[in-house]
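A.B. asks: Structure in structure tokens, see below.
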Amino acid sequence: MLRSHAAGSLRSSDAGQQVTLAGWVARRRDHGGVIFIDLRDASGITQVVFRDPDVLKQAHRLRAEFCVAVAGLVEIRPEGNANPEIATGDIEVNASSLTVLGESAPLPFQLDEPAGEELRLKYRYLDLRRDAPAAAIRLRSKVNAAAREVLDRHDFVEIETPTITRSTPEGARDFLVPARLHPGSFYALPQSPQLFKQLLMVAGMERYYQIARCYRDEDFRADRQPEFTQLDMEMSFVDAEDVIAISEEILAALWALIGYEIPRPIPRISYADAMARYGSDKPDLRFGLELVECSEFFKDTTFRVFQAPYVGAVVMPGGASQPRRTLDGWQEWAKQRGAKGLAYVLVGEDGELGGPVAKNLSEAERAGLAGHVGAAPGDCIFFAAGPAKPSRALLGAARSEIAHRLGLIDPQAWAFVWVVDPPLFEPADDATAAGDVAVGSGAWTAVHHAFTAPKPGYEDAIETDTGNVLADAYDIVCNGNEIGGGSIRIHRRDIQERVFAVMGLDNAEAREKFGFLLEAFTFGAPPHGGIAFGWDRINALLSRVDSIREVIAFPKTGGGVDPLTDAPAPITEQQRKESGIDVKPEPSKPH
């Protein structure tokens, strides 16, 4: 070893010892003929002092981020010079030798000062020398170990599944890989290990897990990555309760790493209730502000805007004092979300209603409105009217925006909830509008994925009452973030083919795309279910950072670009030729 001790391990009890340290020059200070450096390695920082004339002469060349090895004597710092801010603050190392292991060019940014994200990602290897980014990556390693410990204790088998496979429709676009030895054909990078983990259940593995890399060629979104990680699990001979129980045990182990005990059992809410009360299928329960159903209240209204299939409201405490400019800003905020605007009523301190909507209401409506929605004098009532789904979504977004503007969210709080019993299907147009890829050509597509089982008792309604079929599925939400989603799977070929048919995949197309899975279901497939946790999002929450990029060693930007390697990049003509990427497949001959 080039060093005898880790820099952050030295204490006053080590005084008098000769040590050798290796690391980076975090800071250099010159004081009256003596040079001090803060020597940093992965364990922490130790102050090194250069007094010996020969070593001092060498130390004059040191600059920030030089990589060095230093030998010397551990000494107690002079009285008054201790630094209680660092663990090694009682001691310093009086250097007797110095070796420069690697010089550093002038830094593109100072490691102890803020820097732009693109610059940080371009020089990510420097960014990771900083305390916070390094701590996030190290915590991620502990998170992996904690999850594995729980799963190993429950006899799960860690199994790797293929990362180049067949392109199968799963709700997003595939990344395609040309198959050089089969010109005109392509592999796909997996969007998830979904099909393989189900096949492992057919294979009798019974309990599988994997910390899996997944790939989705999605449109650019602010906090998405084209490659991401999930903790993937599957279990045979289980129901939803079994999967939820072990999931809660894993989550408890993860949050214990940061000293938080998750209250168990984690509460549950149905998808329908979540949408009705919070306007979101991933509600943030750190604050109240529930939506109020107003359709019945306005059933006889003469106000045309409220003559709609759904009318709902959310109350902004103290919002009546907002200036007109701010209220106009809410209209722009709503329009950016695809709405025409955000109707509002102001409740005056005397209880009188104001604002443009109030004058369109009947006397009875004005008299009863504040009581119906729970508004007090000085509050602002925001409304949405129209089809229920987009109207609730708008109010749900307004609810979150109100909470942020009023500081109602405790940043130290944790609020977990299971969202259960979602619909099995949604209109394909809704999925497309949300940026997903509808599987099949039918009017309906799967809310989760095509392999989710209907809730027991709903099998007969798949074709006849498609929109009201519930899924045997469960999502775990933390602080308004979906951090995991799972379901009991279809394990019968006949039901799987019926689900495919509703989604517009006829038997021939289903066999062409998923024939291997359908065939596997004919060989005694067991009932099975599982869950996948969004590993990047969970790590971001545990590290208390806003972006998942902070917990990925080498992330892409929001635009899918890697500033470090400048990927993606064009390939050469030779590579195009060798890969067969431009080969047009022969048209298939009729039989």
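Including glycine, each Cβ sits where the backbone N, Cα and C put it.
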A.B. asks: Which single residue out of GLN210, GLN225 does Swiss-Prot record at the ATP site shared with ARG216, ASP217, GLU218, GLU482, GLY534, TRP535, ASP536, ARG537?
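C.D. replies: Between GLN210, GLN225, Swiss-Prot records just one in the ATP site with ARG216, ASP217, GLU218, GLU482, GLY534, TRP535, ASP536, ARG537, namely GLN225.
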A.B. asks: Could you round the CA separation between ARG489 (L-aspartate binding site) and GLU482 (ATP binding site) to a whole angstrom and send it over?
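C.D. replies: Pair distance, Cα basis, whole Å: 20 Å.
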A.B. asks: Determine which residues of the chain contact the region 'Disordered' (559-591) at the Cβ level, with the cut-off under 8 Å and only residues 6 or more beyond its ends counted.
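C.D. replies: Apart from its flanks, the region 'Disordered' (559-591) reaches 118, 121-125, 178-180, 182-185, 220, 226.
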A.B. asks: Suppose we draw a 10 Å sphere around the Cβ of ARG537 (ATP binding site). How many other Cβ atoms does it contain, all chains included?
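C.D. replies: I count 20 other Cβ atoms within 10 Å of it.
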A.B. asks: Provide the three-state DSSP residue tally for the region 'Disordered' (559-591): helix first, then strand, then coil.
C.D. replies: 7 helix, 2 strand, 24 coil
A.B. asks: Could you give the mean pLDDT over the region 'Aspartate' (194-197), rounded to a whole number?
C.D. replies: 96
